[in-house]
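Report on one structure; see the data block that follows.
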Amino acid sequence: MSLVQQVQQAFARQFQHSAAYVFRAPGRVNLIGEHTDYNDGFVLPCAINYDTVVVANKRDDKLVRVLALDYGMQLDEFSLNAPIAKHSQWQWANYVRGVANSLLQQGYDLQGCDLAIGGNVPQGVGLSSSASLEVALGLTYCTLAGIDISPRDNALNGQHAENHFVGCNCGIMDQLISACGRQGQALLIDCRSLTAQPVPLPTGMAVMIINSNVKRGLVDSEYNTRRAQCEQAAAAFGVKALRDVSWQAFLAGQSKLEPLVAKRARHVVSENERTEQAAVALAQNDIATLSRLMAQSHQSMRDDFEITVPAIDELVTMINHLVGTNGGVRMTGGGFGGCVVALVPQAMVEAVTATVAAEYPAKTGLVADVFVCTPSQGAEQVLL
C-alpha cells in the first residue's frame, strides 16, 4: 500500500468520510553548501523521493482537526477563530498550528479542515522532515481556502512558523527546496535573494544518503554557537554577512579575528566558493572536480567548522576509497552525527551499500541505514 493510501485510510477511519484533497512535499539532501544559508550564502540541495503527505477535507466552520499517523494516531484540534497557542505536549502539533498561525498573521482567511498527516522522510537525521511538513501544510491550508500562494512565499511562511512559533532558528534552504524542487535536478539557491538556478544531475549518477545512526548530541547549542561566531566575523569585516567576504578579502583580513572565529569564517567563505564551483561542475558533468570540491567541503567541516564526528569521518573515508574521483562524498546537514551524502555512479550503488554494511559496524559498532534517492519535484497537490 502506498503512503498516500495509508494516510487516506487513516483519515476515513478517523473522520468517517473520504478525503477530497491530497498534498505532498519532499524532504531534501544538500549536496554542498553547509552552514552557508544563515550567512546569506549559496547552497546546492535537491528534493528527494521521500515525502510528507497531507490528506484533507474542508469544514464549514473554523475548526482544524488533525490526525498524526507517525505519532500513534494522536489527534489535535484548534480553532482558527481564537488565538492559536502552542500545544503543551506534542511538538508535531506545533508545526500544524504554527503554519496556520503564520498565514493568519499575514492576513489570509483560512478555512476549517480535517487533516491526516503521514510521512516517510527519516526523522531527526537532517533530511528536513519538519520543513517538508511545513511546506505540505502551507499548500494544504492555502489551496483549501482558495489562496494562490507562490512556492517561495509558502517556503518563507514555513520558515517563519519554525522560527517564531516552533522556536527553531533555521535558515530558508530546507523549506525552499521542498517547495521548489525539480525532478532530476538540484537547485543552486542564493539564500539572500532567494533565487534558484536549476542544475541538472548527470544521468547515470545516484544520490545516496547514508544515515550514520550516531545520536546527534549538542546540535542545537553548537549550532547557535557557530552562528554567533559567524556573525562576529561578519561584524569584524564590516559586512552584513560572511557571504560578502571574498576569499582574497578573508586572507587579507583574517588576522583581525580571534583564531577560533577565523577558522569558522574560513569554512563559510571557502564553502560559498566551492558551492558555486560545484554547480558549474555538475552542469558540465565534471565529476572529478565535483569529487574534489565535496572532499574539500568535508575537510573544512571537520577541521575548521568542527562539526563532524569520528564515525561520520570513517564513513566518508570508506566511501571515498571505493568511489575515488568517479563520485563525491561528504557529511550533510547540521553536524554532530546525522548523514553522509554521496553522488555515485549507478553501477557502484551495490558496492557502496555492501562496503558500508560490512566495514562500518566493524569500525564503529554502529549499523548505517542507506537510502538511494532520486531528485524529485517540489510540493504539489496530488490529483485523485
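Note: Cβ is positioned from N, Cα and C throughout, glycine not excepted.
Note that TrEMBL annotation is computational and uncurated.
Since this is a predicted model, take the numbers as computed values, not measurements.
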Cross-ref TrEMBL: substrate site E34, H35, T36, D37; candidate in list Y141, Y223 matching that site is Y223
Composition by DSSP (helix, strand, coil) of residues within the domain 'GHMP kinase N-terminal' (94-181): 52 helix, 7 strand, 29 coil
Candidate nearest H35 (substrate binding site) in space, where candidates are the recorded positions R28, S130, E162, D174 and distance is Cα-Cα: D174
The one of E34, D37 whose CB sees the fewest other CB atoms within 10 Å, among these binding-site residues: D37
A correct count of other C-beta atoms within 10 Å of the C-beta of E162 (Mg(2+) binding site) gives 24
